[in-house]
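Asks: Sharing a structure, written as structure tokens. Questions coming.
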């Protein structure tokens with residue numbers, strides 16, 4: 001493949017570049033952001049990129065909506081865009097909205113429970129309560145073992 | 001109309017629980033919602049058993065939804081594996097509902113209890129839908145129905161950690177599902193169809209194409225996330241540990257199993273006979289991850305102080321065994337994977353049910369009740385529950401006369417058949433790690449003194465929880481001795497999957 005055809009190939013598929021860049025931006029936000037709401041926004045961006053990927057793959061230049069035409073008025077073949085990816089994406093949008101709604105509802109509950117929606121603060125709060133619990137149970141287990149040893153010694 | 005009903009059974013597996021869920025909202029009282037969920041689960045289990053009998057008697061069933069023939073319409077396709085999965089999902093579902101009443105009462109606040117049963121029915125509908133459909137996109141929709149309801153179920157857990165666990169599972173689960181649709185979209189670009197058998201036919205005919213390779217890679221990562229295959233398992237331990245125990249029991253025995261089913265579908269239906277399957281070692285690629293998961297997750301399980309988290313890490317290890325069975329890429333390997341999938345559903349179901357019984361009676365904070373220290377002296381306090389835990393634990397380890405032994409036996413046989421001696425040795429070694437973490441619990445329960453200030457009076461769980469628990473434990477022993485049902489069905493399912501896809505509808509009807 002020569003350089004020119006390679007460049008043609010890259011530019012000709014610019015729609016996929018847009019999708020990939022958006023997808024990676026969304027994915028990066030999900031991973032890198034510590035704010036739970038920003039994570040949901042990243043997730044939305046990621047899903048929207050996939051929706052655009054599907055739509056652009058079904059699109060044909062100059063294609064119309066796939067509606068039956070009156071053969072007397074229109075002569076010749078009709079070019080139409082594949083409707084199936086668009087229909088699939090209607091479902092995917094519904095799923096995406098449901099996911100976002102549930103995710104945001106969880107964020108509200110997390111804010112109520114922790115008083116924060118920053119991941120590091122939540123982790124720190126969890127760690128503190130874990131350490132407290134660990135110390136408490138370790139102490140009472142040690143005490144139980146001591147009591148039993150004393151009882152056996154007594155017997 | 002009524003005599004035609006058996007013909008229309010396939011869509012009803014999805015439709016009955018899906019339609020029953022909103023009806024459940026009308027019954028605000030937990031008892032009524034529980035009764036409704038139990039009746040619906042019993043009906044769907046009956047339908048699943050009918051379907052399994054039909055499929056075994058007359059071969060695969062294909063159903064064109066709305067009478068639109070495949071590949072244009074959505075095809076529901078039931079072969080032996082799907083029917084087997086249906087029986088497994090609905091059987092475990094009915095048991096967890098029957099078991100769940102007392103457990104849900106103690107672990108979920110009263111105003112949310114009816115919602116638990118509704119979310120459970122939705123999850124059941126999604127899981128059943130995934131195993132009956134023959135359409136790749138339809139599978140995604142069912143996957144999201146079950147996933148969304150399981151996020152809600154996990155968030156119902158006591159304590160704030162359940163919320164963050166559900167949130168993390170939501171983010172990772174959505175990424176997994178989105179990766180799956182990227183993969184499906186690429187396959188659609190190459191083949192122009194969404195029907196799995198039709199995709200297979202197109203891929204058989206065409207030479208290897210880079211889009212196909214990328215598509216399968218996306219599918220693998222996406223399904224791997226939902227399956228919690230090592231190293232994509234990060235969401236699972238927290239989700240299982242902080243969810244209400246009834247939810248953990250249901251999800252641990254069904255959700256990851258259905259993800260494995262999707263993986264099997266991709267490998268053996270979509271990639272059936274495709275040149276792509278031979279040119280890239282897809283199945284073999286699973287083996288290192290499976291073995292790494294078997295060891296690392298078991299090792300982490302040993303150091304957990306939270307018993308639910310320990311069992312969750314053990315689930316990640318067991319998923320490794322199932323993926324290993326797939327990785328052998330032979331009929332016997334696949335059969336071993338399917339056998340372990342069924343057996344592990346029974347083992348983990350029983351173990352988590354025993355944990356639920358203990359949580360009900362220990363009754364401190366949500367995380368305190370599942371700490372190893374809280375279980376000290378439990379052998380005297382709850383002898384029946386602990387005995388069931390020990391029996392199910394032995395099955396998890398793989399002691400002869402239990403189902404765990406049967407799965408490991410067939411896995412080793414498949415390894416020997418391949419000549420992979422080292423893998424067989426690794427299976428045994430990783431099983432020994434299970435001895436360590438199960439022993440820690442048994443030691444605490446039987447040999448350590450109870451914590452000071454804790455109630456030491458004998459206090460067994462109610463019969464409504466013990467009966468389903470012992471039913472699963474009995475199944476563990478029964479199918480460990482009489483292997484005809486599980487092994488024969490798994491082998492029949494595996495050899496059916498190795499049959500080449502030659503046309504739509506799999507030649508049936």
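Cβ atoms here come from the backbone N, Cα and C positions, even for glycine.
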Asks: TrEMBL tags one of B:289-307, B:365-383 as transmembrane segment - which one?
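Replies: Matching range for transmembrane segment: B:289-307.
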Asks: Using TrEMBL as the reference, determine which range in B:444-462, B:463-481 is annotated transmembrane segment.
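Replies: TrEMBL lists transmembrane segment for residues B:463-481.
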Asks: Given B:192-210, B:211-229, B:230-248, which one carries TrEMBL's transmembrane segment label?
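Replies: Matching range for transmembrane segment: B:211-229.
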Asks: Checking feature assignment: transmembrane segment per TrEMBL, candidates B:169-191, B:261-283. Which range matches?
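Replies: Checking TrEMBL against the ranges B:169-191, B:261-283, the transmembrane segment one is B:169-191.
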Asks: Would the transmembrane segment (B:419-442) and the transmembrane segment (B:289-307) count as touching if the test is at least 3 Cβ pairs under 8 Å, pairs 6 or more apart?
Replies: yes
Asks: At a C-beta cut-off of under 8 Å, are there same-chain residues at least 6 beyond the transmembrane segment (B:463-481) that contact it? List them, or none.
Replies: 95-96, 98-99, 101-103, 343, 346-347, 349-350, 353-354, 356-357, 360, 384-385, 388, 391-392, 395, 400-406
Asks: Okay, the transmembrane segment (B:80-102) and the transmembrane segment (B:114-132): do they have at least three CB pairs under 8 Å, pairs separated by 6 or more?
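Replies: These two segments touch.
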Asks: Of the listed stretches (B:34-60, B:169-191, B:211-229, B:345-363), which one yields the highest count of Cβ-Cβ distances below 8 Å with the transmembrane segment (B:384-407)?
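Replies: Top-ranked stretch among B:34-60, B:169-191, B:211-229, B:345-363: B:345-363.
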